[in-house]
């Protein structure tokens, strides 16, 4: 009985939201926490996708500060699944960031950045899959999101967004993102490309994609954590050699009868339990402490949960409870097991791709990224070399015949935020066709 009452209440809430809202967009000139008018053009809104447009995907669109009529148009997808694109906007490559200071109960302070990709590109920061950030579903009984469902919905979103903003149809278009979205993005590129070939006019001026520390195939990616840990002196030679001998190089899917391998993996887990895997150089600490690096993530949650902020962003009232930067309750059917077939298809069609890898990320180690790129068997057009900023090594790069570029970021982590200036230089060079 109680469960039916709960479902009825959910249904009533959705009816109220439905009454309030259809596809909408608003120009935002001021944001709580930022002093004065915004120094860039921001639009927020919803686009309905899926059956009867039940899924309302929320976005932040920021015009290029250079030449928006001609500069590339990007859609940015944060990983998770379940992490809001607002995380990319304020922590990775957007024109705003939070001033890191102890929360005092007021609206957290926003400041301008120097490294935003919007210096040279128009960017749509998209909250997806549904349930992420401020996106929501009108149907409380909707199916659990899936990788393949996300592919179709992002494609639908992009086409509908461009129909409402036809002045951007001719701009070079790229799909961008990091972490888990790196597994889905190549499939989205293929879906958009298929639409261009098969059905949809006007065509999207699709040029390629950018993925940072991307998931390619989870079991494959995880298998490289132990070799990475050994390479950076987190585990001993003896433990590493024993793991190789007992587990045969497969550490993520282990035969339950192989007790020796399982015991050695337990020993490995103990060795690295105090390591912050997203950037092994950072301290692993309690995120509620202002001295902890991840404390800054709380500021976005305090900010987005403020009612004044929601009104400023034109968030539909009643559509979202507590906002979370990464809501891992947004379950997803991970039905794309590997991105590799999509990379192959996209390269055959001539799309450019940039794969960025922070070299101190143990979540998706650069060793695994290099391995799956090697498996594509692309010929090399430019051998491994350092790329530089002001005569200093910022990372290493290699270019392939099929328009794929791999670039590591020295001292970088799982996302762009750990080296935002270096990642900005890297992106600006690549997107303009300059050598890295």
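Counting begins at 1 with the first residue displayed.
Keep in mind that glycine also has a Cβ here, set from the backbone N, Cα and C atoms.
In sequence order, 78, 79, 80, 83, 212, 213, 214, 215, 363, 364, 414, 415 are the residues near residue 179 (active site), counting only same-chain partners six or more apart with C-beta under 8 A. In the three-state DSSP reading, residue 179 (active site) counts as coil. Per Swiss-Prot, active site is recorded for 179 (among others), and the stated evidence type is similarity to another entry.
Here residue 361 (active site) comes close to 213, 277, 278, 279, 280, 412, 413, 414: these same-chain residues lie at least six apart in sequence, with C-beta atoms under 8 angstroms from its C-beta. Swiss-Prot lists 361 (among others) with the feature active site, giving similarity to another entry as the kind of evidence.
According to Swiss-Prot, the active site annotation covers 414 (among others). Its own atom aside, the Cβ of residue 414 (active site) has 23 Cβ atoms within 10 angstroms in the protein chains shown.
Look at Swiss-Prot and you will find 83-326 (among others) tagged as disulfide bond. All chains included, 26 other C-beta atoms sit within 10 angstroms of the C-beta of residue 83 (disulfide bond).
The feature disulfide bond is assigned by Swiss-Prot to 247-261 (among others), with similarity to another entry given as support. A sphere of 10 angstroms centred on the C-beta of residue 261 (disulfide bond) encloses 20 other C-beta atoms.
Under the DSSP three-state reduction, residue 285 (disulfide bond) is assigned to coil, being neither helix nor strand. The annotation disulfide bond is assigned in Swiss-Prot to 285-292 (among others).
Following the DSSP three-state reduction, the secondary structure of residue 104 (N-linked glycosylation site) is coil. Residues annotated as N-linked glycosylation site in Swiss-Prot: 104 (among others).
Other Cβ atoms within 10 Å of the Cβ of residue 306 (N-linked glycosylation site), summed over all protein chains shown, number 17. The N-linked glycosylation site feature in Swiss-Prot is assigned to 306 (among others); the stated evidence is sequence analysis.
Reduced to three states, the DSSP call for residue 345 (N-linked glycosylation site) is helix. If you draw a 10 Å sphere around the CB of residue 345 (N-linked glycosylation site), it holds 16 other CB atoms from the protein chains shown. The N-linked glycosylation site annotation in Swiss-Prot covers 345 (among others).
Its own atom aside, the Cβ of residue 377 (N-linked glycosylation site) has 9 Cβ atoms within 10 angstroms in the protein chains shown. Residues annotated as N-linked glycosylation site in Swiss-Prot: 377 (among others).
Residues annotated as signal peptide in Swiss-Prot, with sequence analysis given as evidence: 1-24.
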Just checking, which of 247, 285, 292, 326 (disulfide-bonded residues) has the fewest C-beta atoms within 10 Å of its C-beta? 285
Other CB atoms within 10 A, centred on residue 104 (N-linked glycosylation site): 8
For residue 83 (disulfide bond), what is the secondary structure state per DSSP, taken as helix, strand or coil? strand
